[in-house]
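So the structure is just underneath, and the comments pick up after that.
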Amino acid sequence: MSNARIYLITFVVCLAQLNADLFLEWTSPMITKSSVNDFPFEIAIDEASWIVSSLKLGTAFGCFLSIFIVDFLGRKISILLTIIPTCLSWLLRIWNPSILNLYVASFIGGIVSGIIFTSGSIFVTETSPAHIRGALCSCFVLMHYCSNLLGCVVGSFSTLYQYSYVAISLAILQFLIFIWCPETPYYLLRRKKFAAAMDSLIFLRGSGDVAEEMDSIIRAVESNPRCNGILSSILHLISESGGKAAILIGAGVTTVQAFSSSIILISYAQTIFEKIHDVQLQGVYTSIVLATVYLISYLMCISLVDRLGRRPLMVISTIGVSSCSFLLAVYFCMQENAVDTTNLRLLSFVAVLFYTISCSLGLASVPFVVVNEIFPIYAKATCISFCFCINFVWSFIALRVWSEIMFEHNAYSLIFWFISGLNTFSIFFLVFYFPETKRESLLQIRKNFIEGMKK
C-alpha cells in the first residue's frame, strides 16, 4: 500500500502549523528592524519581550480552548476555523501598527497556534499508519523549523507589510486545500459514523484494502468507555490502570520540553548572536544559519524516531542541550566578568549550533509525538490540550523570567546555568519513566500502559 496520499495530507495539515509558527518567527527579524528605523515605530526591549510572551500566553489559552472544541467540532473543522483569527491577527499588524495592536495580534496569533498545534497533531496521529506515525507526527513539528527559516529569510529582507501578506496567502492556500480532506476515522467512529469512517480510511490510504486496519481502529474505539463531558473522561482515566501514569508522564515530558528553552534561541537569535560577536548586523545572517541547522538536524530526527526510538533520542537530546548550555554559561560568565573572550567566539558559536542540533534531535518534537500516543481516545483531546497548555504556560514563564534576566540585568550566563541544570535533572526522568512507543499501534500502547501498572 502506497503512503503517498497520507504524506500529502500530512503536508497540507502541516501548512497550517507553518503559518501559525510565522507568528513567532516574526519577532526576531522585525524587532531588530525596529531599532534601525526600518519599521513603522521603534519597539523597546521590554515591549519586545512582552510581544513574544503574549504569543505564548495566547498559545496556552488556545490549547485550553481546544479541550472544548476538538471533540465537539472535530479535528478538521477546528483547524479550518482558525483561518478567521489568523487573518485578523495579520491584518491588525498591517492596518494600524502600534504596540497595543502588536500585543493583541500576538495574543490572537497564539490562540491560533495553540488550536492548530493541538487539533493538528491529533489529526496526524489518528490518520497515520503505525509504522510511520512517529515520522509523520515529527513532520508536523518540522513545519516549525521550516517557518523558522522562512521567517528569518522573509523577515530579514522584507517589510512588515510584505511579511504579513505572505503569511495571509499561505493561510488561505492551506484552507482551500485542506477543506477537501476527510475527518479522522477515529473521530467518526466515536460519532458512530461507520460508513464515513470507512470512506475516510480508504481515502487516506488510497486503497480499498483496509479491512484489517479498520478492525484494529474499531477495537481501539470500542475498548474506550463512552464518557460524556470533559470531567467524566478525566475522572475515568484517573481511575483506570495506567491512567494516572499517562497524565504524569504527559505533563512531565511537556515540562521538560519547555525547559529545553529553544524558544529563547528562536525568539532572540539575533540578540544572542550580537552579544556573542558584538557585531550588530551579523546576527541577521547567523540567525538564518541557525534556522537552516534547525531544519537539517530535525530531518535527522524524522529519519530516526521510528528506527532508534523515542527514549534514546530524548536522552541524547537532553544530554546535548545540558552540555552546550553549560559551555555557553561559562562563555557568558567570562564575558560578564570582563575576561577577554575574543578567542572563544567561534567556540561559543559552535556551542549554539550544537545546542540547536541537540534540541532538534529529540526535545523539539518527540514529547509532542509521545503525548499524542499515550492517551486513550476518549480522553485524548482533553489530556493533550491540558499537557500542551502546561508546556506553553511554562514557556511563557520561562520567556518572562529569561527576558528579565537577559535585558534588565544583562546576565546571559545565569539563563544558561539554569537551562543546563534543569536539563541535567530531566535526564533521570527520561531514563526511568519515559515510555518507548515506536512502531506500536495506539491500541498496543494503551495495553502496554495497563500491563505495566499491573506488574
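Quick reminder: no glycine exception, Cβ is built from N, Cα and C everywhere.
TrEMBL lists 5-438 with the feature domain 'Major facilitator superfamily (MFS) profile'.
The annotation transmembrane segment is assigned in TrEMBL to 48-70 (among others). Listed as Cβ neighbours of the transmembrane segment (48-70) (distance under 8 Å, sequence separation of 6 or more from its ends, same chain) are residues 23-24, 27, 31, 34, 78, 102-103, 106-119, 122, 230, 263, 267, 381-382, 384-386, 388-389, 391-393, 395-396, 399-400, 403-404, 407.
What TrEMBL records for 77-96 (among others) is transmembrane segment.
Marked as transmembrane segment by TrEMBL: 102-124 (among others). Within the chain carrying the transmembrane segment (102-124), a Cβ under 8 angstroms from the stretch's Cβ atoms is held by residues 10, 13-14, 16-17, 20-21, 23-24, 43, 47, 50-52, 54-66, 69-70, 75-76, 78-79, 82, 85-86, 88-90, 92-93, 136-137, 139-140, 184, 368, 372, 380-381, 384-385, 388-389, 392, all 6 or more beyond its ends.
The transmembrane segment annotation in TrEMBL covers 136-157 (among others).
With a cut-off of 8 Å between Cβ atoms, the residues of this chain six or more beyond the transmembrane segment (163-181) that come close are 9, 12-13, 15-16, 18-19, 22, 26, 30, 76, 79-80, 83, 86-87, 90-91, 93-94, 151, 154-155. As annotated by TrEMBL, transmembrane segment applies to 163-181 (among others).
For the transmembrane segment (245-269), the list of distant contacts is 24-25, 27-28, 52, 56, 148, 152, 237-238, 283, 286-287, 290-291, 314, 317-318, 321, 325, 352, 355-356, 359, 363-364, 367-368, 370-371, 374-375, 383-384, 386-388, 390-392, 394-395, 398-399, 402, 406, 415, 419, 422-423, 426, 429-430, 433-435, 449, 452-453: same-chain residues at least six beyond its ends, Cβ to Cβ under 8 Å. According to TrEMBL, the feature transmembrane segment maps to 245-269 (among others).
Feature annotation from TrEMBL assigns transmembrane segment to 281-301 (among others).
Feature annotation from TrEMBL assigns transmembrane segment to 313-334 (among others).
Marked as transmembrane segment by TrEMBL: 346-371 (among others). Note on the transmembrane segment (346-371): residues 117, 121, 133-134, 137-138, 140-142, 144-145, 249-250, 253-254, 256-257, 260, 262, 265, 272-273, 276-277, 286, 289-290, 293-294, 297-298, 300-301, 304-305, 310, 313-321, 323-325, 327-328, 331, 383-384, 387-388, 391, 434-435, 437 of its chain, located 6 or more positions outside it, place their CB under 8 angstroms from a CB of the stretch.
As annotated by TrEMBL, transmembrane segment applies to 383-402 (among others). The list of residues near the transmembrane segment (383-402) in space but at least 6 beyond its ends in sequence, with Cβ under 8 angstroms from a Cβ of it, reads 49, 52-53, 56-57, 59-60, 63-64, 66-67, 70, 110, 114, 117-118, 121-122, 234, 237, 246-247, 250-251, 253-255, 257-259, 261, 263-264, 267, 367-368, 371-372, 375, 415.
As annotated by TrEMBL, transmembrane segment applies to 414-434 (among others).
Taken together, the residues in the domain 'Major facilitator superfamily (MFS) profile' (5-438) have a mean pLDDT of 82 on the 0 to 100 scale.
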